[in-house]
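These come from TrEMBL:
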- 1-12: compositional bias 'Acidic residues' (COMPBIAS)
- 26-44: compositional bias 'Basic and acidic residues' (COMPBIAS)
- 51-62: compositional bias 'Basic and acidic residues' (COMPBIAS)
- 68-80: compositional bias 'Basic and acidic residues' (COMPBIAS)
- 81-91: compositional bias 'Low complexity' (COMPBIAS)
- 744-753: compositional bias 'Basic and acidic residues' (COMPBIAS)
- 777-787: compositional bias 'Basic and acidic residues' (COMPBIAS)
- 524-639: domain 'TMC' (DOMAIN)
- 1-99: region 'Disordered' (REGION)
- 744-787: region 'Disordered' (REGION)
- 207-229: transmembrane segment (TRANSMEM)
- 288-306: transmembrane segment (TRANSMEM)
- 380-401: transmembrane segment (TRANSMEM)
- 421-442: transmembrane segment (TRANSMEM)
- 454-474: transmembrane segment (TRANSMEM)
- 601-623: transmembrane segment (TRANSMEM)
- 644-665: transmembrane segment (TRANSMEM)
- 701-725: transmembrane segment (TRANSMEM)
Amino acid sequence: KNKEEEESEGEDSCTQQSRASGRKSCQRENGDGKKAREEGSRQRERGKKAPTKDQKESENKEKKTKKEGKEGEDKRKADRTNSTSSASSNSSDEESLSEEELAMLMEEVEQKKKLISTMRNKPWRMVKKLSVLREAQAFVEKFEGALGKGKGKKLYAYKMMMAKKWVKFKRDFDNFKTQCIPWEMKIKEVESHFGSSVASYFIFLRWMYGVNLVLFGLIFGLVIIPEVLMGMPYGSMPRKTVPRAEQATAMDFSVLWDFEGYIKYSALFYGYYNNQRTIGWLKYRLPMAYFMVGISVFGYSLMVVIRSMARNANESTADGDDDNFVFSWKMFTSWDYLIGNPETADNKFASITTSFKESIVDEQESNKDENIHLRRFLRVLANVLIICCLCGSGYLIYFVVKRSQTFSKMQNAGWYERNEVEIVMSLLGMFCPPLFETIAALENYHPRIGLKWQLGRIFALFLGNLYTFLLALMDDVNEKLAEEDVVKNITHWTLLGHHNSSVENGSSATPPPLDPADVPRGPCWETTVGIEFVRLTVSDILVTYITILVGDFVRACFVRFVNYCWCWDLEAGFPSYAEFDISGNVLGLVFNQGMIWMGSFYAPGLVGINVLRLLTSMYFQCWAVMSSNVPHERVFKASKSNNFYMGLLLLILFLSLLPVAYTIMSLPPSFDCGPFSGKKRMYEVIQETIELDFPLFVAKIFSYVANPGLIIPAILLMVLAIYYLNAVAEAYQRANAELKKKMQMQREEEKNKRNNKASTNPVLQDLEDLLTPSPKSESHPKKAEGK
């Protein structure tokens, strides 16, 4: 008993000491497990001499219950660690493990995201890139939502899902917008094979198609549709009826081809529209709408052209200077590693090759030496020859137009006599540009500068031809105005005679109305001008398409299939494959658009014809380029800004506005056709609307605004503002050029410093090796100090 009491006291003291020392010994005993408990029980058994049976049984039961409890706890811990419900456990060990796992998972997710963002820059094969990309995306999608707990986990997963959906939606929407751009892939294909200079023509053609589509919507929706739906029907009045003498041949193809017969008396031309102030149950003011739409065509076109020029100027100045290391950038950064389509890869390869050719031409032109005096003499000679060609073409057109006036008075004139003007102008437009290009070979300009000179000369040719045609046409208009005075009197006396004849018969009832086809009518000079512009447009379309078919497609077929059995190499020599004529096609578009602007006031349906022409030209010329043409021998890069084309278009817009403004302000309208008949001048429709539909103070305001004393100072103020803004823009350009020079000088200085530092570093290293002691000599005093 004394021994048992001593052992119990020792155990109590041990437990107290273990509690006081921070439970160190107890933790060790718990860590030792079953072995420590078994050793303690053996010592107790040795210390006991005569224990009773009840004590032994109670001790055995306690041991068994302790063992079972500990084994159950171990099993529960193992189950909890193996189960997926570790996030909801209450033990501190499990919480620490889950936090570590989440931290590691977060790091891995960030690494995968970084890998996905930098995948494009990896120098791997495409197969490896795609496989690694798929694995990384699958990992991020699987484990990114596990970075939260409970409700936070669900919210985070929902946010990440919505962020991914939003990014995917934006990417798909951008792709959709790209697909909605008309002919984008077709133009990219042309650019990859023929360079940016040829592609710039098709981009300009697409832009012109968009502008004409808006103009067609204005004219068709505000002029043609109201007249057709709410105006008087065909045959109800003389201006909408074919004369009796022309009805027999009004449906003949030859007559319709000349835009006579039923086409002349349709909504396509000016003379069809009625001069009633309001039409229909809507009281639609058609004359006012016709006048305002005609002015809006020029206003909208002017706004769009100037806006495009400003945007192109901003893009050209925002790109910066990329003249440094051109070939290095092209060599190492041109390829797109995300291309997976073989056809796209071929186009990209062709595009890179073409860009190298463009840069090589630019580099050769910048380093070229030449004889200045000989070059100046040849350029002066070329300009003299071209001026002679321009003067001769202008005289030829004036002579042909004068002769056509005599042919128009002949009753049995043939097809050539009726269409001589259009044929001569189309032939001049077809043969003069190649002649100019042959003469321009004497000048030996850079291809880009030579293209601008060629464009300017062809523009002068087309503009001279057009204004010569207009001057000759104005003589015809003056003759028709003199004829109208005679016809007006005849018409008045015819109607008066019909009324008097019915009165002389003694009938008290109202006389039967005269058939509109029998009423004498004037020549309607506005419709005549509109017919001439429509003929010019249609003949230009036909000549362009025939030139492409014969000059490009037939020529390419001949060279391709006859080359095997010919005496020399047709592909390398004469005639070879044709090159795409950029200058001729661009100036053809500009000249055609000038005719549309001038003729749309006299022929509202002309814009619809031009929309069809541009639509078919895009497909037809793209097919001809890809199938029949070859790239230029000297492929050159187009200008970053397309402002040269826009400048020509702005000039032709201004010059086409002048004849229309002259006819509106100076010439009297026809008395029996058109929406302005019965007025002295066309602009009087505005005065009539202001007087009848607006209050008096509005009329006074308009009268003050139209005063020349206010208009002239306003124009002078606008000129001064334009001069000031131009001076400010030039100052900013000079400042930008100086800043670029300073930045380049600073970059060169830093490069020289780095080079000098790299060359002096080895010398300094040798001096340091000589002056600093060796590590062995430094170790001896340390050893001595240690001893």
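Each Cβ is built from the backbone N, Cα and C atoms, and glycine gets one as well.
A Cβ distance under 8 Å defines the sequence-distant neighbours of the transmembrane segment (380-401), meaning residues of its chain 6+ beyond its ends; these are 420-421, 424-425, 428, 432, 435-436, 439-440, 442-443, 457, 460-461, 464-465, 468-469, 471-473. Taken through DSSP, the compositional bias 'Basic and acidic residues' (744-753) splits into 10 helix, 0 strand, 0 coil.
Count of Cβ pairs under 8 Å against the transmembrane segment (454-474): among 207-229, 288-306, 421-442, 701-725, the largest is for 421-442.
Helix first, then strand, then coil: DSSP counts for the domain 'TMC' (524-639) stand at 82 helix, 4 strand, 30 coil.
Packing against the transmembrane segment (421-442) from elsewhere in the chain are residues 378-379, 381-382, 385-386, 389, 393, 396-397, 400-401, 404, 450, 453-454, 457-458, 461-462, 465, 469, 532, 535-536, 539-540, 542-543, 547, 581, 583-584, 587-588, 591: each is 6 or more residues past its ends and has a CB under 8 Å from a CB in it. Residues 690 of the same chain sit 6 or more residues outside the transmembrane segment (701-725) yet have a Cβ under 8 Å from a Cβ within it.
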